[in-house]
Amino acid sequence: MSTGVPSGSSAATGSNRRLQQTQNQVDEVVDIMRVNVDKVLERDQKLSELDDRADALQAGASQFETSAAKLKRKYWWKNCKMWAIGISVLVIIVIIIIVWCVS
């Protein structure tokens, strides 16, 4: 029963086919891993940019807080001055009325 093809050749062809399938699977996994690595690097870059933006925002918030505190203090003193002026004017008017009524 000779078919013209040695029996060892059939085994080698099957082995080559399995080897090729395995190589294709390895290539597919390598491609997937390359895509994953690219995504990780891209994500790292975006996180780094986000961290920089967060730092800048924090610095801006600190500066705003300082400016707001200074402004609050400034207008508190202005308010105190206005109250002092108003009370002084009222006292002067009362003194004038008392002096005018007594004379």
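Placement of Cβ uses the backbone N, Cα and C atoms for every residue, glycine included.
Some features that Swiss-Prot has for this protein:
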type: REGION; residues: 1-25; note: region 'Disordered'
type: TOPO_DOM; residues: 1-81; note: topological domain 'Cytoplasmic'
type: DOMAIN; residues: 18-78; note: domain 'v-SNARE coiled-coil homology'
type: CROSSLNK; residues: Lys70; note: ubiquitin cross-link
type: CROSSLNK; residues: Lys72; note: ubiquitin cross-link
type: CROSSLNK; residues: Lys81; note: ubiquitin cross-link
type: TRANSMEM; residues: 82-102; note: transmembrane segment
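Structure coloured by features recorded in Swiss-Prot.
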residue: Lys70; record: ubiquitin cross-link; CB count, 10 Å: 10
residue: Lys72; record: ubiquitin cross-link; CB count, 10 Å: 10
residue: Lys81; record: ubiquitin cross-link; CB count, 10 Å: 10
Margin query: Please list the DSSP helix, strand and coil residue counts for the domain 'v-SNARE coiled-coil homology' (18-78).
Written below: 61 helix, 0 strand, 0 coil
Check: Averaged over the domain 'v-SNARE coiled-coil homology' (18-78), what pLDDT does the prediction give?
Finding: 97
Notebook entry, point to check: Reported as an integer number of Å, what is the Cα distance between Lys81 (ubiquitin cross-link) and Lys72 (ubiquitin cross-link)?
Noted result: 14
